[in-house]
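The structure appears below as structure tokens.
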């Protein structure tokens, strides 16, 4: 029976295209070796030159589109002996397994579509771009570091060693001059920060009163002095400084938003499973093994039933 490939000509936001991508992945993974988890990616950018995991191929096909000239899936099993009834039965038997594996791989597409039904939002695009950077070696043949991991490690050393921006910039320049074949190695502190900023693990700066009375947030966001102790929001400038210089707050609170961090955990197939472990896989024998077994958690779920039923 010929394979239906009409979906390849459909728009990427259509239901036919989504279903077609799923059918292609099911077909391709029915023709791989049991110990092989990667296949050639037929998206318009990879063009069957690179091998990726299933969720990555799924992502590429949705965002880049399939290569329209790839009408014979010769790299994914088409042409092999699969016309027998036994092969057809095998395909149907494996359908459930493939759907289950996709469900466990990632729910990231569903998570993104909750806020954007047609196309992924900008943050998701940036994150997936970083995933691709994480697969690119620092230089040809390097197995220890990728472009992303090396930049993250450098920033980690800077933070642990309390290295100044100037010293860190000089180190980056030295590394770039010594290893010119590391093409994407940043050469400035700002360049390194920008390179990893798309991880979305940023923080917000919120000014605070020097006496810890309030933070200048929400209704106090534009206040110039503390309503409790009447202390100015800004430090007094010393003698000889310009009066119209940049105002410096007494204290700064660095707030790390929770939402983007949770989103990143659910965008990874490995951590997404762990994030749902308390709901699906934990031992339920009445013994307190996890906070979900506590009375407080159970009480909260009873009050907010719809929230409690959603494992994410």
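Yeah, the Cβs are placed from backbone N, Cα and C, and that goes for glycine too.
What TrEMBL annotates here:
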type     : residues : note
DOMAIN   : 5-78     : domain 'Transposase-associated'
REGION   : 79-102   : region 'Disordered'
COMPBIAS : 79-93    : compositional bias 'Acidic residues'
Please list the DSSP helix, strand and coil residue counts for the domain 'Transposase-associated' (5-78).
33 helix, 9 strand, 32 coil
Do you know the mean pLDDT across the domain 'Transposase-associated' (5-78)?
87
